[in-house]
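**Q** Sharing a structure here in structure tokens format.
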Amino acid sequence: IGNTVLHILVLQPNKTFACHMYSLILSYDRNKEGPGSLELIPNNEGLTPFKLAGVEGNTVMFQYLMQKRKQNLWSFGPLTTVLYDITEIDSWAEDQSFLELIVSTKKREARQILDLTPVKELVSLKWNMYGRPYFCFLALFYILYMVCFTMCCVYRPLKPRTDNRTSSRDNTVYVQKMLQESYVAYEDELRLVGELITVIGAVVILVLEIPDILRVGAAKYFGQTILGGPFHIIVITYACMILVTMVMRLTSTTGEVVPMSFALVLGWCNVMYFARGFQMLGPFTIMIQKMIFGDLMRFCWLMAVVILGFASAFYIIFQTENPENLGQFYNYPMSLFTTFELFLTIIDGPANYDVDLPFMYSVVYFAFAIIATLLMLNLLIAMMGDTHWRVAHEQDELWRAQVFFFPLVPTVVATTVMLERKLPRCLWPRSGICGREFGLGDRWYLRIEDRVDPNKHKMLRYTEAFKAQDRDNYDKGSEKLETNGDTLCKKELSALSLSRSTSRTSSHRGWEILRRNT
């Protein structure tokens, strides 16, 4: 019951009352430091009160709980060293990472916790010590891997075509070699090494991605933009295309160019994933993702309907015409492709003035130009402009969730959690200090040095002194007004003028003290 009440208090809108009640309930807890403490019991979703405060974006409760868990190590003048308990914050030994919960939640208030101590310092420490070097190394390694795969595709085994052409439009010169002919020369052996590296890389990608899908769930894993959802889809599809290409090569099946082309496009597009770690390119990846999965996905349905209708009309119009004079609509697939190019104004309207074109072609093309080019393309531009305006206000916040930056120091929160989960423990030691060194048990702490500005505290003391003097003067004037009831009006005016003059004198004296100290 006590644990349930603690979880309810975290969700209370009256945060001051919730903090007092939280402290009151914990004062009756007999196992404050043990494993059976009320603060350590999770709810049905696996969240302790501390994690729930982070997920809900309750910054007041989060700071209150952090203040309860901190230990002052030493203090010397304006410098204070504090040990913050990061046991539940650090994702090193947590199945449900606090940082991952923060960046994956849909509440914008939760991302403000990334600005608070000690979360800000912990993420900065992780990124600077291990995250950034490993991330840059992985980016360089992936680019080299894609160059290797691209070279294997460019120099794939081909041989001249031996059979005769059956159509005047057949333009094929080379065909794919059989498996027995593909690995004969020395150049083929070098290509084989690159192909083996490519296949091993695809298998490693699937081995690393599938456990996370099973742990988090496909909907959350692929649906969260901050966690890199679209890039996970891209890289898994790329790995599958590599394996399909390998099977087609081993079975000597023609048509390996189809999965190979998809793999090349997806593999190089995945390089944008590594752009998230850089302040110059990170916000643009957020913008591209929002536009693709927001405006373009909806617009493509309308575009498909328009292209399908007009392409069918163009094909019917030119079905009785000689394809040699105007071959853009000689069959239905080519009509669809030509209409798509016309829609995006990639090509001009096809016309041959040496022959008579059908009258309906001019009518249909006129309607197509009005609807597609004039109306729908401008509608798409307006939709993207509106999305850009909306996302521009929160792109920094979204990027700070996946790219948490300080002055000149970019830090990737989501990527840091990903690297920490997938790299071996020997390459990523635990951050912080074990509490045993200070007699604080098995919990882990982060040492942070706070420097207090003495001038700021002087200003606060002087301000409080001025307020106290004005308050005393006002109280004295009020007492005089109460004791002399007969001459109320006169005394009231004299007391008010006295309080004003005294307040002005005390304020003047206070500002003189401030000027001298400055």
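Any Cβ shown, glycine's included, is placed from N, Cα and C.
Take a look at what TrEMBL says about it:
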type	residues	note
DOMAIN	135-394	domain 'Ion transport'
TRANSMEM	134-158	transmembrane segment
TRANSMEM	192-210	transmembrane segment
TRANSMEM	231-251	transmembrane segment
TRANSMEM	257-275	transmembrane segment
TRANSMEM	296-317	transmembrane segment
TRANSMEM	359-381	transmembrane segment
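How buried are these features, and what lies next to them?
**A** Panel annotation: around the transmembrane segment (192-210), residues 145, 148-149, 151-152, 183, 232, 235-236, 238-240, 242-243, 246, 249, 422 of the same chain, lying at least six beyond its termini, place a Cβ under 8 Å from a Cβ of the stretch.
Long-range contacts of the transmembrane segment (231-251) within its own chain (CB-CB distance under 8 A, at least 6 residues past either end) are made by residues 149, 179, 182, 195, 198-199, 201-203, 205-206, 209, 221-222, 259-260, 262-263, 266-267, 269-270, 272-273.
Long-range contacts of the transmembrane segment (296-317) within its own chain (CB-CB distance under 8 A, at least 6 residues past either end) are made by residues 329, 331-332, 335-336, 338-340, 343, 358, 360-361, 364, 367-368, 371-372, 376, 379-380, 383.
Within its own chain, the transmembrane segment (359-381) is flanked in space by residues 295, 299, 302-303, 306, 310, 313-314, 317-318, 339, 342-345, 349, which lie at least six positions past its ends and keep a Cβ under 8 Å from the stretch.
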**Q** Along the domain 'Ion transport' (135-394), what average pLDDT does this model show?
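**A** For the domain 'Ion transport' (135-394), the model's average pLDDT rounds to 83.
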**Q** Any residues 6+ beyond the ends of the transmembrane segment (134-158) with a Cβ under 8 Å from its own?
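**A** Beyond its ends, the transmembrane segment (134-158) has Cβ neighbours at 174-177, 181-183, 187-188, 191, 194-195, 197-198, 201, 242, 256, 260, 263-264, 267-268, 270-271, 274, 277, 412, 415, 419, 423, 427-428.
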**Q** Cβ under 8 Å, sequence separation of at least 6 from the ends of the transmembrane segment (257-275): give me the contacting residues as numbers and ranges.
**A** 135, 138-139, 142-143, 146, 149-150, 153, 156, 176, 228, 231, 234-235, 237-238, 241-242, 244-245, 248, 281-282, 284-285, 288
